[in-house]
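**Q** According to TrEMBL, the active site, proton donor annotation covers C155. Positions annotated as CTP binding site by TrEMBL: D275, K285, P301, D302, I303, L304, F318, K332, K336. Residues annotated as domain 'Flavoprotein' in TrEMBL: 3-174. Taken from TrEMBL, the feature domain 'DNA/pantothenate metabolism flavoprotein C-terminal' covers 182-387. TrEMBL lists 1-186 with the feature region 'Phosphopantothenoylcysteine decarboxylase'. Residues or ranges marked as region 'Phosphopantothenate--cysteine ligase' by TrEMBL: 187-388.
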Amino acid sequence: MNKNILLGVTGGIAIYKVVDVVSRLKKLDYNIKIIMTDSACEFVSPMTFETIGKCDVKNKMFHNNSHKVVEHIELANWADLFMIAPASANTMAKINYGIADDLLSSTALAYTKPIMFCVSMNTNMLNNPATQKNIKDLKEKEHLIIDSNNGMLACNTKGDGRLKEPWEIVEEVEKYFCKKDLKGKKILITAGATVERIDPVRYITNDSSGKMGYSIAKKAFMRGADVTIISGKTTAESPYGVENIKVDSAIEMKEKIESCIENYDCLIMAAAVSDFKVKNRKELKIKKQDGIDSLELEENPDILKSLIKKENQIFIGFAAETNNLLENARKKLDKKNLDYIVLNDVSKKDIGFNSEYNKVSVISKDNILDIERDTKLNIADRILDLIK
Ligand code: C5P
């Protein structure tokens, strides 16, 4: 069943971004109801939200319509999530102290689950000890504070207080509704292609968009895991909420993994690591007129094979194959001492590289799990089910 989101909108210039949030949530099929404060109505007319959200927009506690239902109680009971965006200093202060002098704050007082506050205000107002104390108190009461970003503000200053971007707020909403079955797990994920330099401007690389690794990272984060990505060259957008450490070459990727692997429960190597690096790499750009006779390559170390796996750690590798799929994947499972290897047939154009879709088989010592063609995000969930 579709979830019910009650959105509280307070007065702040970032309100224009919240119109976009509503549009995105609508496309994801959430049921939406909106409460606007009087100040919010000074910035944007309720009609804007009504039209974009195709939903009821409430403002007044007392009005000329029917009062047969106690509206603030009904709204509080209806919501699966009560989100306030933008959340002004004033509204956070009122809710922290239990002041209920308008429809939004009265509904907040009647709401029994954690409220999600998407903070937005001027930097000085945010840093004011009163606001900081309110935020701290609200966190202690188990409310969810979605911190603001640092950036350019409407008051022409640069600092904290900028409302998160609409897509980031939607990610928080999706995370809220996701099961948290990976809470407490620390997962290291590699993604994208390593780059092996020929000279400062030229390189050889592998084909990889990074989408599979990033999809796994995104889902792992939503399911409550503590996720770090180490990524080479990618074209995909880095997932929200996840530390993304950028590397260039296979050697760099190896060193990064080695320096931190002991802190993780699980390693998922979705990166397309170059098997070869350039032996006669030039420090200065090779001039066209000087020509280049040959490119000498030498083998890169196999990262997975070189790692020492601690007891209870789970290592998952990927195998992109064009022929003898199963046989090659099984050899790699064994050679690289993996718990699982995710096999994908990269000879097919509509799945795999650069596609939003994939079709894989997950192979372990004594099992094969065939996952039919699906989005990379859904496949990510199936892979993560292995480690919960
Ligand atoms: O041998 P192959 O490159 O097909 O193995 C694929 C798996 O091994 C992937 O998980 C990839 O990230 C990892 N790999 C590695 N070190 C390499 C090459 C690949 O860890 N040098």
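Placed from the backbone N, Cα and C atoms, the Cβ positions cover glycine too.
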**Q** Which recorded positions from the set C155, I303, F318 have a C-beta atom lying less than 6 Å away from ligand 1?
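**A** If the test is a Cβ under 6 Å from any atom of ligand 1, the answer is I303, F318.
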**Q** About how far apart, in whole Å, are the alpha carbons (Cα) of D275 (CTP binding site) and C155 (active site, proton donor)?
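**A** Taking the Cα atoms only, D275 (CTP binding site) lies 52 Å from C155 (active site, proton donor).
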**Q** Taking only the Cα atoms, work out how far K336 (CTP binding site) lies from C155 (active site, proton donor), in Å, as a whole number.
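**A** That separation, Cα to Cα, works out to 56 Å.
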**Q** For the recorded positions C155, I303, which Cβ has the most other Cβ atoms within 10 Å, all shown protein chains included?
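**A** Neighbour-count leader: I303.
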**Q** Show which residues of the chain containing P301 (CTP binding site), separated from it by at least 6 in sequence, have their CB under 8 Å from its CB.
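**A** Non-local contacts for P301 (CTP binding site): A250, I251, K254.
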**Q** From the Cα of F318 (CTP binding site) across to the Cα of the residue listed as 'active site, proton donor', what is the distance in angstrom?
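**A** If we compare the Cα positions of the residue listed as 'active site, proton donor' and F318 (CTP binding site), the gap is 49 Å.
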**Q** Taking DSSP three-state, what's F318 (CTP binding site) in: helix, strand or coil?
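**A** Reduced to three states, the DSSP call for F318 (CTP binding site) is strand.
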**Q** Based on the record's binding annotation for CTP (D275, K285, P301, D302, I303, L304, F318, K332, K336), what whole-number value in Å is the widest Cα to Cα distance?
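**A** Across D275, K285, P301, D302, I303, L304, F318, K332, K336, the widest Cα separation comes out at 37 Å.
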**Q** Near the Cβ of F318 (CTP binding site), how many other Cβ atoms are there if near means within 10 Å?
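**A** If we count other Cβ atoms within 10 Å of F318 (CTP binding site), we arrive at 25.
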**Q** Which one, from the binding-site residues D275, K336, has the smallest tally of other C-beta atoms lying within 10 Å of its C-beta?
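**A** Relative to the other binding-site residues in D275, K336, D275 has the fewest Cβ atoms within 10 Å.
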